[in-house]
């Protein structure tokens with residue numbers, strides 16, 4: 001069966017995003033693991049030790065993202081994905097067979113390193129394979145598969161919690177062991193998929209690069225006008241990169257165009273964590289408990305939230321290339337802001353645990369579901385889509401690596417401060433996220449240009465010459481794809497004249 005080229009690109013993107021599934025699954029399953037009666041009975045952990053079990057994972061991911069940048073440039077995109085999956089397998093095995101907390105710490109740290117490598121390199125790999133017209137929906141698979149992982153974790157957690165006796169270690173080892181399975185498939189099969197043509201061409205492997213470009217976009221026809229035009233554009237862009245663009249991390253900060261893109265990518269990743277995505281999810285579980293809902297039911301309500309998130313992520317895949325990047329991000333943050341205003345008022349008027357506040361608490365749960373849907377259909381996917389597409393070939397791996405490190409750093413920070421901040425400040429802590437969502441929307445309205453449907457090789461021109469104050473841009477001067485369309489017409493005309501001469 002011969003797939004349509006865009007469908008083939010999409011399927012390659014789906015398989016690669018198994019690495020994102022690992023991230024979502026691990027984040028979702030650890031709450032059930034550390035609350036399992038068999039786990040507590042075996043390890044008898046303190047609150048600080050439980051906190052370390054959770055946070056060491058994102059700490060490892062921070063360093064994994066740092067390693068992933070140079071690995072992606074040196075080893076290639078596929079090999080880096082394979083290394084990340086293998087590292088995750090080792091970490092998952094250590095967690096599953098843990099005989100003491102030290103084993104669990106080590107396993108969580110190593111698995112975090114693997115996930116950091118994967119979530120950094122996967123959207124980059126997807127963006128470099130995809131046609132500009134569908135690049136958004138393919139890179140949005142990162143967040144969608146993260147949601148699939150979280151959903152699987154929620155229902156598996158619910159199943160093992162009620163399926164194993166409280167003194168059976170299978171209650172927590174089973175859910176930890178399952179996460180290794182997709183990592184094994186990813187590591188075993190990723191090398192049969194095509195390497196990024198852009199990486200191959202940048203390394204001087206131009207014949208292989210052209211072959212993969214044709215395989216991805218024209219059923220292997222290397223003479224296809226679009227393939228030839230894209231090939232020429234990539235070569236020209238890489239030649240320009242070598243002469244003018246960053247070849248090291250230091251130069252990434254020195255070049256104005258590169259720094260503009262790096263700043264926007266890092267600001268985006270930080271802004272996503274400051275929407276309150278981690279804080280509201282952490283605190284919603286506390287509210288479940290204060291409402292008197294038992295652990296198994298709390299896990300069920302979390303699973304419902306995961307389903308709503310998945311629906312939002314699916315809608316993003318369907319519409320992100322039609323709607324663009326800029327306005328969904330702006331309106332997503334404004335919607336998040338509105339949900340936090342409502343939830344802050346609820347927490348202020350009806351504090352959790354007070355008498356007769358069940359209706360308000362249930363209202364808060366519904367608002368968290370609405371927030372999760374809003375976040376999952378806009379800010380979450382766009383935090384992976386935009387950084388993966390704005391950099392040049394030579395800077396992409398380094399830039400995405402730094403932006404991903406920022407994401408994990410802010411994730412860890414929010415995870416650590418949320419509980420003590422809520423205890424000290426109560427509902428006032430949520431004002432932070434009201435303000436941040438509003439300022440996020442204003443910032444991206446002012447400074448983020450539209451990148452949808454623009455070939456990757458045209459990003460340099462956009463971020464070098466477009467004004468910093470984006471609302472003042474004349475859209476007629478920045479129509480995406482004009483250079484590529486011109487090249488396609490020239491190639492087609494040249495091939496037509498040759499055919500006519502023959």
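Quick reminder: no glycine exception, Cβ is built from N, Cα and C everywhere.
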Original post:
Any idea which of 32-49, 50-67, 158-175 is down as transmembrane segment in TrEMBL?
Top reply: 50-67
Subject >> transmembrane segment per TrEMBL - which of 262-283, 460-481 >> reply: 262-283
Subject >> Spatial neighbours of the transmembrane segment (327-350) far in sequence, C-beta under 8 Å, 6+ residues away >> reply: 268, 271, 275-276, 280, 316, 320, 357, 360-361, 363-364, 367-368, 370-371, 374-375, 377-379, 382, 386, 426-427, 430-431, 433-434, 437-438, 440-441, 444-445, 448
Subject >> Same-chain residues at least 6 beyond the ends of the transmembrane segment (262-283) whose Cβ lies under 8 Å from its Cβ atoms >> reply: 252-253, 305, 329, 333, 336, 340, 343, 368, 371-372, 375, 379-380, 382-383, 386-387, 390-391, 399-400, 402-404, 406-407, 410-411, 413-415, 418-419, 422, 429-430, 432-433, 436-437, 440, 443-444, 447-448
Original post:
By a Cβ-Cβ criterion of under 8 Å, what residues six or more beyond either terminus of the transmembrane segment (79-97) are in contact with it?
Top reply: 16, 18-19, 22, 60, 64, 68, 71-72, 103-104, 106-118, 121-122, 125, 173, 176-177, 179-180, 183-184, 186-187, 190-191
